[in-house]
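Report on one structure; see the data block that follows.
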Amino acid sequence: MTLIWSVVFSAFAVVIPVVHFYLAPLISSAGLSYTVQNFGLDAQKCTKVEELQACEKIVLHQETGLLYLACSTLANRAKWNPAVARFEATVDEDYVATYDPSTSKVTRLTLENFDSKKNGLSLLGMDVLFVYLINNRPPQDGQDPSVVGADSVVEIFKTVAGGDTLVHLKTVRDPAIVSPNDLAGFSDGKRFYFTNWVNRKTGFALLARNLLTSFSSIGYCHSDQGCKIAVENFYTANGIVKAPNGTIYVASATGLEIKMFEKQDDDSLVFLEGVHCDTPIDNLSIDKEGTVFAAGMPKSLEVWEHTKNSSHPSPVCAWAFSKNIGPGAFYGEKYKVQKVYENDGTIASGSTTVVHDAERGRLFMHGVFSHYLTVCHTK
């Protein structure tokens, strides 16, 4: 009996730290007792563009100030969303749009050499100006998506700044592209890194992704040479962005941090370091000054309600990660982490991407279930 109890206690000694390692960030991220503080956004300086709905990813074209958006309809998002195991395929077409903040003009881009009716178009992550689009389309062979999952691919298009057409170049389909969430493309129109939300399309892994899991990864593709997994067992991989110096930043959604990687000659990634924040985070963007912005979720349980009823307010915040050039740098604080704003969902709700135009003094916010694009002036 003594031996049995010794084994039991030894097992607990191993299991409890492991469970705590996985559950502690999740408990913290739920924000159960957190009171949202409204600051950083002035409603008088913000406008809502209701023509643009359900845009999960937005990207700024720095030279022109144009915003590119990967959008859908609220009805479509409610029925077809593989990330939360919704597999009711619809006939609604997703689309890419541009928004010109200087004129408030919205332009839906026309697709050339691409039959969205035949191939399906369900957009999530995006990068431009070679436009890389994650297409979590329904299965093409008529199989039940609740059994086999989405037939996820990456579509590569070419456009010109300010143009109204996307010319399709290639569809990249590979076993490594399992449940793509976001991507970061190169300027050659062929290479990109991407994050897999989970490493299984359906089943327990999809459920576990929202609990305690390392079932996600970072992949790399060359459209002519194929794809591979660059980083395995990543904790809740989400947004990804590539800095001008080549550093790859990846959001660990419920790990509450961004992780930095260095690209190697064989296109694998070597982990450099991580920087912590206090809420779950989604997509990432980099402004002209090199600051990384992350869309934050101060009340993550409200996000789940928001996915079920998009009219339910989902509080938002934004984190800014930058090199510390202040006095703290002398004491080893390499990075400055700042919560730029926080809102209870009245100005922006359910944002999955935040983009800062440092040159023109604008802040853009949108989300996969958001009813409108929020544009705020910061100058």
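Cβ coordinates come from backbone N, Cα and C, glycine included.
TrEMBL does not curate its annotations; it predicts them automatically.
Residues annotated as disulfide bond in TrEMBL: CYS46-CYS376. What TrEMBL records for LEU121, ASN181, ASP182, ASN238, ASP282, ASN283 is Ca(2+) binding site. Residues or ranges marked as N-linked glycosylation site by TrEMBL: ASN283.
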Recorded positions: CYS46, LEU121, CYS376 - member with fewest neighbouring CB atoms within 10 Å: CYS46
Neighbour count (Cβ, 10 Å) for ASP182 (Ca(2+) binding site): 27
Entry from the binding-site residues list ASN238, ASN283 having the most other CB atoms no farther than 10 A: ASN283
Inter-residue Cα distance where the pair is CYS376 (disulfide bond) and ASP182 (Ca(2+) binding site), in Å: 24
